[in-house]
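Some features that TrEMBL has for this protein:
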- 1-21: signal peptide (SIGNAL)
- H54: active site (ACT_SITE)
- E101: active site (ACT_SITE)
- H105: active site (ACT_SITE)
Amino acid sequence: MNLSSPLLFCLAAVFFSAASPHQIWNKLTLTHHWPTTFCSMEHCHAKISYWTLHGLWPDNGNECNSSWHFNSSQIEDLLPDMEKSWPDLIKPSSSSFWKYEWQKHGTCAAEAESLNSQHKYFSKALELYHKLDLSSALNKFNIIPSDYYKFSQIEGAIQSFYGVTPKIQCAHSSKNTQVQNLGQIEICFDSEFTLLDCEKNPNKEKFPEEVWNNLLVKTTSGFKDQLQNAAIKLVSMLRAALNSTAVPNGKGAF
C-alpha cells in the first residue's frame, strides 16, 4: 500500500484462537495495528503505511509466569524484522513493548510446546504476520487509506481472502461522530495454527443485520487528511467572508 501515515475509520471488531493437549488456552489471536489510528489516540507520530503487529494473544489469561523475564538476547536474530513489523509506536528505540507482550501474553502462550520459548513465541508471531500479509489482502479489495467503506465491505474482504471471520476494532473520530477510525484487526487460529472464525463482535447482536452491514467505515491517510482539512478550512473561510454559513462536506480519508 502506498500510503503516508495512514489512518483507518470504522465501526466493528475481530478475534483469534488455539488449543492442544498441554495448554490451557483454546485459541490464539494475531492482532494488527493501524499505526495512524493508534497514534491519534496515544499522541505518537508514526510514518508507517502498513499494518503492524500488536501481539499474539492466547485466551487463557495474562501474566502466567511472572518469573520468566524477557531477554532480548534470546531473539537477537529476530530484531531487524521486529523493528519493522512489530514496532513500538510510542518508544521506537525501546524494547519495552515486546517485554510487555511477552510477560502478559507470551508466558501464557508458552504453555504450548510449539511456543515454549521466547524465540518460538516471537518467531511464530512474525511468521503468521507475514503469511497473512493483511495490508496486501485489503489492498487487493481496493480497501486503502483515505476513503469511506461500509463495515460489511471490510469484513467481507477478509472473509473472502482468508475464508474466516475476523474481529475488527475501531476508535471514535473526534471530528466526525458518524464514522469511526479503523484501528485494529484480529485474525484467529487454532492450536495447529490453522485459521478459524473469531468470536462475534458483541455489539453486532444489538443491530439488525441490514443496519450493521451498512455501518460506515473510514480509513485515513494522515497526509491526505491534512490536505483535505486545510482545503475545507480554506473554503469555509472564503464562504464565511461571503456571509455564507454553508460548510462543504468532503469525502473522507482512510
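The backbone N, Cα and C atoms fix where each Cβ goes, glycine too.
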Close in space, distant in sequence - E101 (active site), Cβ under 8 Å, 6 or more apart: G55, L56
- prompt: Which of the three DSSP-derived classes (helix, strand, coil) applies to E101 (active site)?
  reply: helix
- prompt: In sequence order, what residues of the same chain, 6+ apart, have a Cβ less than 8 Å from the Cβ of H105 (active site)?
  reply: G55, L56, W57, P58, N62
